[in-house]
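K.L.:
Take a look at the following structure, please.
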């Protein structure tokens, strides 16, 4: 099972998804990340 949490440390506009995805994996050591409709970075993790 996975769940999404808003990234607490991602800076800047969340376009494109790649920036957010990289941030979640490299900086927060989570599975992945994506930009949602609110233009914020949401990280996916196991929960």
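Quick reminder: no glycine exception, Cβ is built from N, Cα and C everywhere.
These came from Swiss-Prot, pasted as-is:
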type     : residues : note
DISULFID : 3-47     : disulfide bond
DISULFID : 14-35    : disulfide bond
DISULFID : 20-41    : disulfide bond
DISULFID : 24-43    : disulfide bond
K.L.:
Determine the minimum-neighbour residue: among 14, 20, 41, 47, listed as disulfide-bonded residues, which Cβ has the fewest other Cβ atoms within 10 angstroms?
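P.N.:
Lowest Cβ count within 10 Å among the disulfide-bonded residues (14, 20, 41, 47) is 47.
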K.L.:
Between the disulfide-bonded residues 3, 24, 35, 43, where is the Cβ count within 10 Å the lowest?
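P.N.:
Candidates: the disulfide-bonded residues 3, 24, 35, 43. Fewest Cβ atoms within 10 Å: 3.
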K.L.:
Out of the disulfide-bonded residues listed (14, 24, 35, 47), which are within 10 Å of residue 41 (disulfide bond), Cα to Cα?
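P.N.:
The disulfide-bonded residues close to residue 41 (disulfide bond) (Cα within 10 Å), listed in sequence order, are 14, 24, 35.
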K.L.:
For residue 14 (disulfide bond), which of the disulfide-bonded residues 3, 43, 47 has the nearest Cα in space?
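P.N.:
Result for residue 14 (disulfide bond): the nearest of the disulfide-bonded residues is 43.
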K.L.:
Measure from the CA atom of residue 35 (disulfide bond) to the CA atom of residue 3 (disulfide bond) and give the result in Å, rounded to a whole number.
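P.N.:
Roughly 14 Å, rounded to the nearest whole number.
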K.L.:
With H, G and I counted as helix, E and B as strand and the rest as coil, say where DSSP puts residue 14 (disulfide bond).
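P.N.:
It is coil.
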K.L.:
Check residue 43 (disulfide bond) against DSSP and tell me helix, strand or coil, would you?
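P.N.:
Looking at the DSSP assignment, residue 43 (disulfide bond) belongs to a strand.
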K.L.:
Checking the disulfide-bonded residues 20, 24, 43, 47, which are within 10 Å of residue 35 (disulfide bond) at the Cα level?
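P.N.:
Matched disulfide-bonded residues: 20, 43, sequence order.
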K.L.:
Give me the CA-CA distance between residue 20 (disulfide bond) and residue 43 (disulfide bond), in Å, as a whole number.
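P.N.:
Rounded to the nearest whole number, the Cα-Cα distance is 8 Å.
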